[in-house]
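Worksheet for the structure shown next.
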Amino acid sequence: MADEIAKAQVARPGGDTIFGKIIRKEIPAKIIFEDDRCLAFHDISPQAPTHFLVIPKKHISQISVAEDDDESLLGHLMIVGKKCAADLGLNKGYRMVVNEGSDGGQSVYHVHLHVLGGRQMHWPPG
């Protein structure tokens, strides 16, 4: 977890991201789901027994800069996350998280929904 905090503290918006490369299939990922609007894949550094990301194919660097026109797309990410969670057997529950900015722990400046499950989640999360 400390590694993710360090990454978030130095990450900056702008330019291409690792997620853009995954969308373009320039680097491999364990893809769970894909449609014309988004992609879901397993996190390379899982923080729970099941941990995957759902990302829009449209580049949106942060939730704070999303446009009103992105509302349907952002909602779609949650619906896809719910369906993938069910497909992966997370029937006892799961957590959905979007990190925003460096203090929020955002380490990649391409909006992404974390879905974590497979164990009891704790509160508070931070």
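Yeah, the Cβs are placed from backbone N, Cα and C, and that goes for glycine too.
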Suppose you had to name the range Swiss-Prot annotates as motif 'Histidine triad motif'; which of 45-49, 55-59, 110-114 would you pick?
110-114
Do you know which of Lys7, Lys30, Lys82 is annotated N6-acetyllysine by Swiss-Prot?
Lys30
Listed as N6-acetyllysine by Swiss-Prot, one of Lys21, Lys92:
Lys21
Could you tell me the C-alpha distance between Asn99 (AMP binding site) and Ser45 (phosphoserine) in angstrom, no decimals?
15
Cα-Cα, Lys21 (N6-acetyllysine) versus His112 (AMP binding site), nearest Å, comes out at 14
